[in-house]
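Structure first, commentary second.
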Amino acid sequence: MESTRKELIQLLNNVEGHISGQELSGQLGISRTAVWKHMNELKKDGYEIEAVQRKGYKILSSPDKISENTLRWGLDTKWIGHELHHYDQVESTQEIVHQLAKQGKPHGTVVIADEQVKGKGRMSRNWDSPKGKGIWMSVLLRPNLPPVQAPQITLLAATVLARMIAERSALAPQIKWPNDLLINHKKVSGILTEMQAEQDTIQYIVLGMGMNVNQEDREIPADIKYKASSLKIESRQHWNIQQTVQHILRLFEETYERFEAHGFSSIKKDWEHFGYKIGEEVTISTMKKTWQATLVGIEPDGALRAKSKDGEEEKLYSAEIHWGEGGYHA
Ligand code: BTN
(Lines of atoms letter the chains of each structure in order from A and count residues from 1; the text may use other names and numbers.)
(Lines give C-alpha, C1' and ligand atoms only; values in the text may rest on other atoms or scores of the structure.)
Protein backbone atom coordinates (compact mmCIF):
# COMPACT_ATOMS: atom_id res chain seq x y z
CA MET A 1 0.00 0.00 0.00
CA GLU A 2 2.69 2.41 1.14
CA SER A 3 4.99 1.52 -1.75
CA THR A 4 2.16 1.75 -4.30
CA ARG A 5 1.47 5.27 -3.03
CA LYS A 6 5.12 6.19 -3.49
CA GLU A 7 5.14 4.74 -7.01
CA LEU A 8 1.93 6.58 -7.85
CA ILE A 9 3.45 9.89 -6.76
CA GLN A 10 6.52 9.16 -8.81
CA LEU A 11 4.47 8.37 -11.91
CA LEU A 12 2.40 11.53 -11.52
CA ASN A 13 5.56 13.48 -11.05
CA ASN A 14 7.35 12.06 -14.06
CA VAL A 15 4.85 13.24 -16.63
CA GLU A 16 4.54 16.77 -17.93
CA GLY A 17 0.77 16.85 -18.24
CA HIS A 18 -1.93 14.42 -17.18
CA ILE A 19 -1.70 10.67 -16.86
CA SER A 20 -4.78 8.52 -17.38
CA GLY A 21 -6.31 6.26 -14.76
CA GLN A 22 -5.91 3.38 -17.18
CA GLU A 23 -2.21 3.95 -17.61
CA LEU A 24 -1.72 4.30 -13.88
CA SER A 25 -3.64 1.10 -13.22
CA GLY A 26 -1.53 -0.71 -15.83
CA GLN A 27 1.80 0.56 -14.54
CA LEU A 28 0.96 -0.03 -10.88
CA GLY A 29 -0.76 -3.36 -11.46
CA ILE A 30 -3.87 -2.30 -9.55
CA SER A 31 -7.49 -1.72 -10.57
CA ARG A 32 -8.77 1.67 -11.66
CA THR A 33 -10.94 1.77 -8.58
CA ALA A 34 -7.82 1.28 -6.47
CA VAL A 35 -6.13 4.16 -8.35
CA TRP A 36 -9.12 6.34 -7.59
CA LYS A 37 -8.97 5.37 -3.91
CA HIS A 38 -5.28 6.26 -3.75
CA MET A 39 -6.04 9.64 -5.33
CA ASN A 40 -8.55 10.32 -2.59
CA GLU A 41 -5.99 9.39 0.05
CA LEU A 42 -3.48 11.78 -1.52
CA LYS A 43 -6.09 14.54 -1.43
CA LYS A 44 -6.61 13.81 2.26
CA ASP A 45 -2.84 14.15 2.69
CA GLY A 46 -3.24 17.67 1.31
CA TYR A 47 -2.24 17.16 -2.33
CA GLU A 48 -4.19 19.23 -4.83
CA ILE A 49 -5.02 16.88 -7.69
CA GLU A 50 -6.70 17.81 -10.93
CA ALA A 51 -8.81 15.13 -12.60
CA VAL A 52 -9.78 15.89 -16.20
CA GLN A 53 -12.10 13.63 -18.19
CA ARG A 54 -10.38 11.61 -20.92
CA LYS A 55 -6.97 13.08 -19.94
CA GLY A 56 -6.43 11.81 -16.44
CA TYR A 57 -4.76 13.08 -13.29
CA LYS A 58 -2.17 15.72 -12.48
CA ILE A 59 -0.69 16.92 -9.19
CA LEU A 60 -1.09 20.70 -8.95
CA SER A 61 0.50 21.24 -5.54
CA SER A 62 1.74 19.28 -2.57
CA PRO A 63 0.62 19.91 1.01
CA ASP A 64 2.37 22.14 3.50
CA LYS A 65 2.36 19.41 6.15
CA ILE A 66 5.34 17.29 5.34
CA SER A 67 5.32 13.52 5.09
CA GLU A 68 7.62 10.95 3.51
CA ASN A 69 5.49 11.18 0.37
CA THR A 70 5.48 14.95 0.05
CA LEU A 71 9.21 15.09 0.65
CA ARG A 72 9.88 12.46 -1.98
CA TRP A 73 7.54 14.07 -4.47
CA GLY A 74 9.76 15.92 -6.95
CA LEU A 75 13.01 15.18 -5.10
CA ASP A 76 15.38 14.53 -7.97
CA THR A 77 18.54 13.75 -6.01
CA LYS A 78 20.91 10.87 -6.76
CA TRP A 79 21.61 9.67 -3.23
CA ILE A 80 20.51 12.05 -0.52
CA GLY A 81 17.07 11.35 0.91
CA HIS A 82 16.54 8.09 -0.97
CA GLU A 83 16.23 6.52 2.46
CA LEU A 84 14.03 9.04 4.21
CA HIS A 85 12.11 8.82 7.49
CA HIS A 86 9.61 11.37 8.66
CA TYR A 87 8.15 11.48 12.17
CA ASP A 88 5.49 13.69 13.72
CA GLN A 89 7.35 13.82 17.01
CA VAL A 90 10.72 12.55 18.19
CA GLU A 91 13.06 13.25 21.07
CA SER A 92 15.87 14.15 18.67
CA THR A 93 16.48 13.24 15.04
CA GLN A 94 20.19 12.90 15.92
CA GLU A 95 19.55 9.83 18.07
CA ILE A 96 17.47 8.14 15.38
CA VAL A 97 20.19 8.62 12.78
CA HIS A 98 22.79 7.20 15.17
CA GLN A 99 20.61 4.07 15.48
CA LEU A 100 20.13 3.85 11.71
CA ALA A 101 23.88 4.26 11.18
CA LYS A 102 24.52 1.30 13.48
CA GLN A 103 22.01 -0.74 11.45
CA GLY A 104 24.13 -0.04 8.35
CA LYS A 105 21.80 2.43 6.59
CA PRO A 106 23.39 4.18 3.61
CA HIS A 107 25.16 7.47 3.10
CA GLY A 108 22.51 10.14 2.54
CA THR A 109 19.83 8.70 4.86
CA VAL A 110 17.61 11.53 6.12
CA VAL A 111 15.49 11.73 9.27
CA ILE A 112 13.17 14.68 9.70
CA ALA A 113 10.53 15.48 12.30
CA ASP A 114 7.72 18.00 12.71
CA GLU A 115 8.66 18.39 16.37
CA GLN A 116 11.51 17.46 18.69
CA VAL A 117 10.90 17.29 22.42
CA LYS A 118 14.58 16.92 23.31
CA GLY A 119 16.26 18.81 20.48
CA LYS A 120 20.01 18.99 20.99
CA GLY A 121 22.11 22.06 20.34
CA ARG A 122 25.87 22.48 20.46
CA MET A 123 27.66 22.46 23.79
CA SER A 124 24.89 20.41 25.46
CA ARG A 125 22.36 23.17 24.96
CA ASN A 126 18.69 22.50 24.19
CA TRP A 127 17.38 23.26 20.76
CA ASP A 128 13.82 24.53 20.73
CA SER A 129 12.00 22.62 17.94
CA PRO A 130 8.28 23.50 17.98
CA LYS A 131 5.77 21.51 15.94
CA GLY A 132 5.57 22.35 12.24
CA LYS A 133 7.50 25.58 12.63
CA GLY A 134 10.89 24.62 11.37
CA ILE A 135 13.23 22.12 9.78
CA TRP A 136 14.53 19.61 12.29
CA MET A 137 16.57 17.21 10.21
CA SER A 138 19.60 14.93 10.51
CA VAL A 139 21.55 13.37 7.67
CA LEU A 140 23.72 10.27 7.84
CA LEU A 141 27.01 10.68 5.99
CA ARG A 142 29.73 8.14 5.43
CA PRO A 143 32.56 10.24 4.04
CA ASN A 144 35.82 8.76 2.95
CA LEU A 145 37.86 11.26 4.97
CA PRO A 146 40.17 11.30 7.96
CA PRO A 147 38.51 12.57 11.15
CA VAL A 148 40.47 15.85 11.09
CA GLN A 149 38.57 16.86 7.98
CA ALA A 150 35.14 16.36 9.55
CA PRO A 151 34.73 20.08 10.40
CA GLN A 152 34.79 20.77 6.66
CA ILE A 153 31.44 19.01 6.34
CA THR A 154 29.92 21.33 8.92
CA LEU A 155 31.28 24.35 7.09
CA LEU A 156 29.91 22.90 3.84
CA ALA A 157 26.46 22.47 5.40
CA ALA A 158 26.46 26.09 6.58
CA THR A 159 27.18 27.31 3.05
CA VAL A 160 24.34 25.15 1.72
CA LEU A 161 21.84 26.62 4.17
CA ALA A 162 23.02 30.16 3.41
CA ARG A 163 22.77 29.61 -0.34
CA MET A 164 19.30 28.12 -0.03
CA ILE A 165 18.06 31.21 1.83
CA ALA A 166 19.76 33.57 -0.62
CA GLU A 167 18.27 31.70 -3.60
CA ARG A 168 14.72 31.63 -2.21
CA SER A 169 14.47 35.18 -0.89
CA ALA A 170 15.91 38.67 -0.86
CA LEU A 171 17.39 38.02 2.59
CA ALA A 172 21.14 38.27 3.17
CA PRO A 173 22.14 35.26 5.29
CA GLN A 174 25.51 35.23 7.02
CA ILE A 175 27.49 32.44 8.62
CA LYS A 176 28.83 33.24 12.06
CA TRP A 177 31.87 31.15 12.86
CA PRO A 178 31.82 28.30 13.29
CA ASN A 179 28.38 27.53 11.88
CA ASP A 180 25.46 29.65 13.03
CA LEU A 181 23.29 31.16 10.38
CA LEU A 182 22.31 34.76 10.98
CA ILE A 183 19.90 37.09 9.29
CA ASN A 184 20.01 40.72 10.37
CA HIS A 185 22.40 39.67 13.19
CA LYS A 186 19.94 37.11 14.60
CA LYS A 187 20.34 33.35 14.55
CA VAL A 188 17.85 31.44 12.41
CA SER A 189 19.69 28.16 12.09
CA GLY A 190 22.31 25.98 13.74
CA ILE A 191 24.25 22.85 12.85
CA LEU A 192 25.27 20.02 15.14
CA THR A 193 27.79 17.53 13.78
CA GLU A 194 28.39 14.29 15.65
CA MET A 195 31.02 11.85 14.50
CA GLN A 196 31.78 8.21 15.11
CA ALA A 197 35.42 7.61 14.25
CA GLU A 198 37.98 4.88 14.63
CA GLN A 199 41.64 5.89 14.64
CA ASP A 200 42.18 7.33 11.18
CA THR A 201 38.78 6.80 9.62
CA ILE A 202 35.36 8.29 10.03
CA GLN A 203 32.78 5.56 10.49
CA TYR A 204 29.92 7.97 10.06
CA ILE A 205 28.76 11.51 10.68
CA VAL A 206 25.35 12.61 11.89
CA LEU A 207 24.81 16.08 10.51
CA GLY A 208 21.95 17.81 12.33
CA MET A 209 20.44 20.94 10.87
CA GLY A 210 17.89 23.03 12.72
CA MET A 211 16.21 25.95 11.04
CA ASN A 212 13.58 28.30 12.44
CA VAL A 213 11.22 28.71 9.52
CA ASN A 214 7.66 29.78 10.24
CA GLN A 215 7.71 30.98 13.85
CA GLU A 216 5.95 34.29 14.44
CA ASP A 217 7.69 36.91 16.54
CA ARG A 218 5.54 36.00 19.59
CA GLU A 219 6.61 32.35 19.27
CA ILE A 220 10.31 33.04 19.84
CA PRO A 221 11.05 32.49 23.57
CA ALA A 222 11.38 35.85 25.33
CA ASP A 223 14.84 35.14 26.75
CA ILE A 224 16.39 34.63 23.30
CA LYS A 225 14.40 37.18 21.31
CA TYR A 226 17.32 39.57 21.11
CA LYS A 227 19.42 36.97 19.31
CA ALA A 228 17.06 34.51 17.58
CA SER A 229 14.61 34.84 14.72
CA SER A 230 12.94 32.85 11.94
CA LEU A 231 12.86 33.03 8.15
CA LYS A 232 9.22 34.13 8.32
CA ILE A 233 9.90 36.96 10.76
CA GLU A 234 12.80 38.25 8.68
CA SER A 235 11.18 37.86 5.25
CA ARG A 236 7.59 38.60 6.31
CA GLN A 237 6.38 35.64 4.31
CA HIS A 238 5.38 32.05 4.96
CA TRP A 239 7.89 29.42 3.75
CA ASN A 240 6.78 26.09 2.30
CA ILE A 241 8.70 23.56 4.38
CA GLN A 242 8.60 20.75 1.83
CA GLN A 243 10.10 22.90 -0.92
CA THR A 244 12.64 24.40 1.46
CA VAL A 245 13.81 20.95 2.61
CA GLN A 246 14.05 19.71 -0.96
CA HIS A 247 16.05 22.77 -1.93
CA ILE A 248 18.48 22.09 0.95
CA LEU A 249 18.86 18.43 -0.05
CA ARG A 250 19.46 19.25 -3.71
CA LEU A 251 22.06 21.90 -2.91
CA PHE A 252 23.66 19.68 -0.32
CA GLU A 253 24.15 16.84 -2.77
CA GLU A 254 25.53 19.15 -5.43
CA THR A 255 27.92 20.89 -2.99
CA TYR A 256 29.03 17.62 -1.42
CA GLU A 257 29.87 16.17 -4.84
CA ARG A 258 31.82 19.33 -5.72
CA PHE A 259 33.68 18.94 -2.43
CA GLU A 260 34.45 15.27 -3.19
CA ALA A 261 35.68 16.09 -6.68
CA HIS A 262 37.57 19.33 -6.09
CA GLY A 263 38.29 19.49 -2.36
CA PHE A 264 37.66 22.18 0.17
CA SER A 265 38.78 25.32 -1.70
CA SER A 266 35.42 26.09 -3.35
CA ILE A 267 33.59 25.52 -0.07
CA LYS A 268 36.02 27.85 1.67
CA LYS A 269 35.26 30.53 -0.92
CA ASP A 270 31.50 30.14 -0.40
CA TRP A 271 31.90 30.19 3.37
CA GLU A 272 33.98 33.36 3.28
CA HIS A 273 31.47 34.97 0.90
CA PHE A 274 28.74 34.50 3.52
CA GLY A 275 31.07 34.85 6.53
CA TYR A 276 29.82 37.18 9.25
CA LYS A 277 32.20 40.08 9.96
CA ILE A 278 34.85 38.75 7.60
CA GLY A 279 37.07 41.75 6.86
CA GLU A 280 35.86 43.48 10.02
CA GLU A 281 37.45 44.08 13.37
CA VAL A 282 36.27 42.18 16.45
CA THR A 283 37.54 41.63 19.98
CA ILE A 284 38.82 38.14 20.75
CA SER A 285 39.39 36.54 24.15
CA THR A 286 41.22 33.35 24.97
CA MET A 287 42.32 32.02 28.37
CA LYS A 288 45.57 33.95 27.96
CA LYS A 289 44.66 37.31 26.44
CA THR A 290 42.11 39.66 24.89
CA TRP A 291 42.94 41.53 21.70
CA GLN A 292 41.49 43.20 18.64
CA ALA A 293 41.87 41.66 15.24
CA THR A 294 40.37 41.62 11.77
CA LEU A 295 38.74 38.37 10.70
CA VAL A 296 40.21 37.27 7.39
CA GLY A 297 38.75 33.86 6.66
CA ILE A 298 38.78 30.19 7.58
CA GLU A 299 41.33 27.40 7.41
CA PRO A 300 40.67 23.97 5.89
CA ASP A 301 40.52 22.53 9.42
CA GLY A 302 37.71 24.91 10.34
CA ALA A 303 39.84 27.35 12.32
CA LEU A 304 39.06 31.06 12.08
CA ARG A 305 41.88 33.27 10.79
CA ALA A 306 42.35 36.58 12.58
CA LYS A 307 44.95 39.23 11.84
CA SER A 308 45.99 41.59 14.61
CA LYS A 309 47.07 45.21 14.06
CA ASP A 310 50.76 44.30 14.01
CA GLY A 311 50.02 42.06 11.01
CA GLU A 312 50.36 38.79 12.87
CA GLU A 313 47.85 36.11 11.90
CA GLU A 314 46.41 33.56 14.31
CA LYS A 315 44.33 30.45 13.85
CA LEU A 316 41.49 30.25 16.35
CA TYR A 317 39.88 27.01 17.38
CA SER A 318 37.91 27.86 20.48
CA ALA A 319 38.18 31.55 21.23
CA GLU A 320 35.38 33.74 22.47
CA ILE A 321 34.56 36.37 19.89
CA HIS A 322 32.95 39.63 20.98
CA TRP A 323 31.03 40.33 17.83
CA GLY A 324 30.32 43.94 18.72
CA GLU A 325 27.29 45.92 17.63
CA GLY A 326 24.34 43.79 16.67
CA GLY A 327 26.14 40.53 17.39
CA TYR A 328 26.10 38.36 20.46
CA HIS A 329 28.78 36.22 22.01
CA ALA A 330 29.56 32.75 20.63
C1 BTN B 1 23.26 24.70 17.52
O2 BTN B 1 23.43 24.62 18.74
O3 BTN B 1 23.32 25.77 16.92
C4 BTN B 1 22.97 23.45 16.72
C5 BTN B 1 21.51 23.12 16.68
C6 BTN B 1 21.20 21.84 15.89
C7 BTN B 1 19.74 21.46 15.96
C8 BTN B 1 19.42 20.31 15.07
S9 BTN B 1 17.68 20.12 14.79
C10 BTN B 1 17.95 18.57 14.04
C11 BTN B 1 19.01 17.88 14.83
N12 BTN B 1 18.42 17.17 15.97
C13 BTN B 1 18.80 17.68 17.13
O14 BTN B 1 18.43 17.26 18.24
N15 BTN B 1 19.64 18.70 16.93
C16 BTN B 1 19.88 18.94 15.52
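Just so it is clear, glycine is given a Cβ too, placed from its N, Cα and C backbone atoms.
Since the structure is predicted, the reported quantities are computational estimates derived from the model, not experimental observations.
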The annotated DNA-binding region range in TrEMBL, which must be one of 1-20, 21-40, 41-60: 21-40
Proximal but sequence-remote residues of the same chain as Lys187 (biotin binding site) (Cβ under 8 Å, at least 6 apart): Lys176, Asp180, Leu181, Lys227, Ala228, Ser229
Surrounding CB atoms that lie within 10 Å of the CB of Gln116 (biotin binding site), all protein chains: 26
Lys187 (biotin binding site) in three-state DSSP notation: strand
Helix-strand-coil residue split for the DNA-binding region (21-40), DSSP-based: 17 helix, 0 strand, 3 coil
